[in-house]
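Read the structure below first, then the notes.
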Amino acid sequence: MKLWIVLILIIGGVQCDGFSDQVFKTLNIGEGNACYRTFNKTHEFGCQATKDNENGLIVRIDKHEDFKNLDSCWRSFYPSYSRKFWALVPVDLIRRDSISKLKSSECLAGIVLYNSNQTMHPDEKTTAASHDGDCPNAASDYYFQNNTEAYCERKFNSRGSITPDGLMRIDWRVQMIFINNSTDLDVIKRCHSMFNTPREDGSTGYPYCGMSFRMTNMAAGNSEICYRRGKNDAKLFQMNIDSGDAPQLCGAMHSDNIFAFPTPIPTTPFNDTHHSSKYMMVTSRMDSFGMIPEVSVGEVSVLTSIISVLAAARSMGDNIEKWKKASNVSNRNVFFSFFNGESLDYIGSGTAAYQMGKSMFPQSLREDRAHIHPVLLEELEYVLEVQQVGVAEGRKYYVHIDGDRYDQDRTPTDKIMDKIERGLRSHGFDLEKPSGSQRKVPPSSWHSFAKADSKVQAVLIAPFKEEYDYKRINSILDKNQWTSDEKEKAVQEIEAVATSILAASAEYVGLETDDVVAKVDKKLVSTLFECLITSNFWFDCDFMQKLDGGRYHKLFDSYGFNEKSTYISMETHTAFPTVLHWLTIFALGSDKETLNVKSEKSCSHLGQFQAMYTYTWQPSPYTGNFSCLKSAIVKKVMVSPAVDPSTPEEEMNTRYSTWMESVYIIENVNLYLMEDSSFEYTMLIISVISALLSMYAVSRCSEATFIVDEGEPAAEGGEPL
Amino acid sequence: MGIVLTVSCYIASFSPSIALFYSFIAHDPVRIILFFLGSFFWLVSLLISSLAWLGLSTVLPNTFLVSLGVCIVVQELSRVAYFMLLKKAQKGLNKITRHGQISVAPGVSDLHNARHMLALVCGLGMGVISALFYTMNAFATFAGPGTIGLPMALETGHIDSNRAGKYLPLCYVLSAILLTLFHVAWTIMVWDTCHKIGRFPTAFVPGAAAVVSHLFVAFLSSLNSRGFYILVFSVQFLVLLICIAYCNVIMGGTIQSFVTAIGQSFVDAFTLKQIRNFVEERKMRTQQRQAVPDEPMTERGGASDEPGTSNTVDA
């Protein structure tokens, strides 16, 4: 018996892969490295594998002139090949004049994108490389939805956009992958150079190097169809009998948003709804996207602005007693919001506005205990946002406000703008205040709140006036090689903007702006710039490694967990929200009251049943020593009400974002040798000949050919052996 | 490549097997069982060879030649084992297959003097399964977009100049045909030795010839990777012809009759004799039907004077 078990185990242990290891060179493609389907209420975008776009011969497009081969389908190079191609294209060649060729080509199976070695400076003005449209978030614009403006009337991104609607809003016929791993890229290039590069006489011949890739989406149509099909009652026959769940087809884009309250919000009984405080929300978005959504570092789209807000928060945290005192006296509070999904029709801010309207922000009310007073829309007076910090032309910044609201009560807003101007001037920057044409707010989180409340004011600090100067907003190329001068200037800008945030906030809460209150830690700004922008990954620098303290784990084999990505994604598959959460706790957390707490367990016990405060066992990024930090910071997943099953009354309401993502199955890239397919027909003829010959040869034999009487009695008796 | 290629490869590879199966096995349930039993014995030999390879690879650095030798010996031993099993079972089989009142399975062919037919049936079973194992991964690959060779080429920096390239499917097809027919021949030869085991030393000649030719053919196959495809297949085909001729001798024929039969086959093929016979037969039947319109359907055609009733192979 034991012998049998051993035998079975040995046999079971043998693995057979057939010939695949001799045929294919397989390159692992993780989640997020490929283009997949996304949806809004009316359309589907992105890529889908079909029979036609799975396999192709690898070709290279290294310079702009190579696109002319796309028109001729590389006939002059590969005259005997008539099927599709996978084009190896550096991302910086995705331009206005090339994108139409890529979109319309009949002979492309797919595009392999990679970062070229050429340096890209933010000063480079020649190339439009934004993967967003002319009018970011045009459909969710307050002025458009309020019928005071036509769709996409103000084209803020027209200088930078590659296509008017943006590359993420294209329903591609081809597939697309992004190769970031230099080893994998070298393998593809080597395969191409060995087999597909024309010889010295210009000729090519079989075998060619081919490539196959398949990314299958589960959903199709638009988010409304997807949402409907995703409901359990629509998938009765697909339901798992054991778990009662139906397989997921798609999901709403959602991720963590971070809200930090430096000054405590008063607690209140459950049904008390009087307006106890006024608020200024200092905000910056934490997401961007690229034509392959996950591949989006978002240096200027996101990170520089976030650093300025973090620097302001850190400064506020250092002088928190003064701020608390001023807030208590004036009954005005400042809080920080890092919204996620803002580049996709304001997912985070739209949801926050909805929750404020329902008295659910920052927490849902609970009847069983005292809770913090919800922040209501009526209480929100200002939304102060910073955008695109670090790429100002010269030393000039602009402040954007909504003219109609400003006109209702100019004085407080004027005072705030004056403080912003003083803050910027203290670092040698000018501020241009709004005039006639500037009295409408560019795309920003304020639009979500403006749609929900008629009084909330906007104050947007940005380095552009009527159009973005930076041409890589929401782009794979929003990742620059900064020179030391550019870096120094960017750090100065961040510092100046952080100072102006502090000055504006101090003005709002009634705090005298002095050197202490508005002092920004320049060293911290430089460190964060190095760590979040210059470094290749979030945790590459010493500061972030100490802040991590061994807490970060790459949970998935996804682009967002292995590379810097600020894309929102469907299921928190990026590390950035965690990074920002820890940085916010570092900026505003305090261990003054928890010095006696010496373990993570004790620290977490302190946080139980707390309405306002959270207690986090986190190391100092300077020393690496853990301590229990008390803060009022909420990390909250926000799902747009339009696609949130828990808010059926808002289903597909276009006031909110309707962006959804398909669930997809991603396969590996396989490289292989292609042989001349004309031999198929030769083999067909050979098979027919073989069959005819076999029939003829066998027909020459009969039973008697093999039944021979050898005179053996036993054989004659029926026992031939 | 594509599905067409894969289907073509399968048709070309297994046409001789299908023709043999249709002509000699398909009509007889007992032979079908013996055919699949042959396949089973070959699979068992493959399993034992694999385990031996696995064991040897833990001990020896390069086990290819040793494993190949072991594999061939195990295959031949499995043929012997199958013979011994059948020998034990033939009394029972005879009861089943014997025509008349005691037959429990009317309609099956009886076993009188049928040891070579049994060898054909069982050898074909072994040949078909070995050819299937040899080709199916390759043919599955041909259905996909690529062919063999890229990983090695990327590793070494150059493509193997001896690779079969686009003719690789043809190489597999020819190998599969040869392998199937070789197994039939080897089984006839080995079983002849087993049958005549008492007649030392002449009885061992067919068995030894089978083992030697098996080793030789396997060795020739290993030369394929060096690019001698045409030479290898030519020699293997020649060896197959010799084996078939030898089997013809075992079955009571002579080399002369074998050569004559092959020559006659070519002549008949070129003169379209079978087509002419077919046309004439139809014409004769039509005439007979017209001459005797009311005659009930009766069995026609004598067996004695039809071609192919001699004890030798015609082709």
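We count from 1, first residue shown onward.
Each residue, glycine too, has its Cβ placed from N, Cα and C.
Under the heading transmembrane segment, TrEMBL lists B:6-25, B:32-56, B:62-85, B:117-136, B:167-191, B:203-222, B:228-249. Per TrEMBL, the feature region 'Disordered' maps to B:284-315.
Here the transmembrane segment (B:203-222) has long-range neighbours at 68-69, 72-73, 75-76, 175, 178, 182, 185-186, 188-190, 192-194, 196-197, 232, 235-236, 239, 242-243, 246, 250, meaning same-chain residues at least 6 beyond its ends whose C-beta is under 8 angstroms from one of its own.
Of the Cβ pairs linking the transmembrane segment (B:6-25) with the transmembrane segment (B:62-85) and spaced 6 or more residues apart, fewer than 3 are under 8 Å, so the two regions do not touch.
Of the recorded ranges B:32-56, B:62-85, B:228-249, the transmembrane segment (B:117-136) has the largest number of C-beta contacts under 8 angstroms with B:32-56. Here the transmembrane segment (B:32-56) has long-range neighbours at 21, 25-26, 63, 66-67, 70-71, 74-75, 77-79, 81-82, 86, 118, 121-126, 128-130, 133, 183, 187, meaning same-chain residues at least 6 beyond its ends whose C-beta is under 8 angstroms from one of its own. Away from its own ends, the transmembrane segment (B:62-85) comes close to residues 37-38, 41-42, 44-46, 48-49, 52-53, 56, 122-123, 126, 186-187, 190-191, 194-195, 207, 210-211, 214-215, 218, 222 of its chain (Cβ-Cβ under 8 Å, at least six residues beyond either end).
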